[in-house]
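Colleague: After the structure tokens below, expect a handful of questions from me.
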Amino acid sequence: MDLLITILILLVSILLNIPVALALIFSSAYYVFMSNIPNGIIVQQMVEGSVSFTLLAILFFITTGNLMNYTGITTRILNFAQIITRHTIGKLAKVNVLLSTIMGGLSGSNIADAAMNSKILVPRMEEEGYDKGFATALTAATSLITPILPPGVGLILYGFVGNVSIGDLFMAGVLPGLVLAFLMMVLSHFISKRRNFEVENKQPMAKPKEALIALRPALLAILLPVIIIGGIRLGAFGPSEAGVVAVLYALFLGLIVYREMKLPKLAHALFESAQSAATIMLIIAGGSAFGWVLTVEQVPQQLTEFVSSYVNNPFMFFIVALIFLLFAGMFLEGNVLIMILTPLFMPMLDTFGVDPVHFGIFFVFTVSIGTLTPPVGTILFTTSSITGVYIEKLIKEMLPFYVLLIIAALLLAFIPAISLWLPNIL
């Protein structure tokens with residue numbers, strides 16, 4: 001009964017727009033108080049769950065992304081993307097996909113990616129004849145490439161909570177991210193062709209030398225994910241040390257190579273990083289306390305037994321997980337779901353023989369789809385507010401992308417090689 005009321009308090013708090021981190025703490029505190037457990041245990045669980053060397057990676061990678069936004073790298077990558085796509089139909093739509101893919105590997109934040117492209121690319125696409133609703137929908141959809149690319153915050157959280165190698169998760173996310181980018185390119189091409197977006201104004205295909213010249217200014221920044229994955233795989237450093245390397249590398253590019261990182265920009269980037277990291281760390285602390293409550297009540301074991309009695313193979317497990325995660329993602333932010341649900345899913349992975357790295361990529365991607373669906377839909381509402389497109393119109397334009405994202409989730413679920421190929425060969 002106490003557990004049921006605890007969960008009810010959590011849900012009601014969220015419905016009342018109380019910050020999720022506080023809702024997790026309040027509901028956990030109620031359970032401790034009603035169960036005659038020493039009150040200090042709630043603080044102990046919050047501290048133990050959030051004081052970890054591994055979690056420093058989140059702060060450092062968030063800082064790296066914010067620093068990169070102030071180095072002028074976006075303009076250089078945008079120029080490169082425009083040159084290599086200029087001969088194609090719907091070239092700016094493809095530029096949108098490329099920019100999200102490359103910047104996703106630098107920032108690890110899908111909300112930051114969506115906000116940036118909404119400000120930079122949507123007005124430019126509208127000038128070239130694109131429907132603003134489609135441009136906004138594409139921008140929102142392409143931001144979902146970011147969470148599964150290294151150094152995605154969701155991957156770090158899943159690895160930390162589930163005791164899964166973060167280095168393996170980083171490598172496992174590369175190919176799925178590229179596959180998703182390719183699918184987005186194909187879909188945007190056909191929509192652009194059908195709706196006559198940039199069909200006539202094609203230019204000659206860029207020569208290799210011209211493409212290389214455009215690539216040169218952005219190359220050092222694009223190499224960052226390679227440095228991170230390579231360093232972790234070679235044993236030169238762990239995820240947290242990789243975050244430090246990434247911050248130093250971003251400072252090197254901004255202060256010495258590009259020389260666009262001025263002191264006010266640096267201060268602003270650090271302030272934004274502190275805000276974002278503090279929010280995530282509070283969610284981790286609250287999620288750790290709530291996870292402890294679920295563990296005390298043996299919810300993971302009971303849930304595994306319940307699911308096993310109705311689901312008897314990995315295929316059905318992934319179908320049930322997909323439906324559940326899509327539904328849960330409509331109401332809770334992705335990082336919160338990762339903190340709460342990872343301990344519940346881990347015993348099931350052993351039962352059904354599912355690789356935790358494979359499931360991690362599927363899990364992080366699927367909960368991210370919730371950022372595009374009402375009633376919470378953080379990215380849906382962020383892009384709508386920036387571009388001024390009504391939610392009703394935006395959801396209508398999102399329909400083909402919803403279908404594509406579900407297809408992508410199914411591919412990740414039922415073709416493990418997409419996630420496991422790179423970790424297995426390196």
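Just so you know, glycine gets a Cβ as well, placed from its N, Cα and C.
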Colleague: From 7-31, 357-381, which range did TrEMBL mark with transmembrane segment?
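Modeller: My reading of TrEMBL: the transmembrane segment range is 357-381.
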Colleague: Please indicate, using numbers and ranges, the residues of the same chain that are 6 or more beyond the transmembrane segment (134-158) and have a C-beta under 8 Å from a C-beta there.
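Modeller: Apart from its flanks, the transmembrane segment (134-158) reaches 54-55, 57-58, 61-62, 64, 93, 96-97, 100-101, 103-105, 107-111, 113-114, 117-118, 121-122, 125-126, 164, 166, 169-171, 173-174, 176-177, 180-181, 184, 188, 191, 195, 197, 225, 228-229, 239, 242-243, 246, 280, 284, 334-335, 338-339, 342, 360-361, 363-365, 367-369, 371-372, 379-380, 383-384, 387, 389, 394, 397-398, 401, 404-405.
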Colleague: Could you check whether the transmembrane segment (270-295) packs against the transmembrane segment (170-192) - three or more CB pairs closer than 8 Å, residues at least 6 apart in sequence?
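Modeller: When sequence-distant Cβ pairs are counted, the transmembrane segment (170-192) does not touch the transmembrane segment (270-295), since fewer than 3 lie under 8 Å.
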Colleague: Quickly jot the same-chain residues contacting the transmembrane segment (242-258) by Cβ under 8 Å, restricted to those at least six beyond its ends, or write none.
Modeller: 56-61, 63-64, 67-68, 70-73, 151, 220-221, 224, 227-228, 231-232, 265-266
Colleague: Let me spell it out: take the transmembrane segment (47-68), skip the flanking residues so only those 6+ beyond its ends count, and list any with a Cβ under 8 Å from a Cβ in it.
Modeller: 103, 106-109, 112, 151, 153, 156-157, 159-160, 166, 221, 224, 238-240, 242-244, 246-247, 249-251, 253-254, 261, 266, 269-270, 272-273, 276-277, 280-281, 284-285, 287-289, 291-292
Colleague: Which bits of the chain, at least 6 residues beyond where the transmembrane segment (170-192) starts or stops, bring a Cβ under 8 A of a Cβ in it?
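Modeller: 88-90, 93-94, 96-98, 100-101, 104-105, 134, 138, 141-142, 144-145, 148-152, 155, 198-199, 225, 228-229, 232-233, 239, 357-358, 360-361, 364-365, 400-401, 404, 407-408, 411-412, 418-423, 426.
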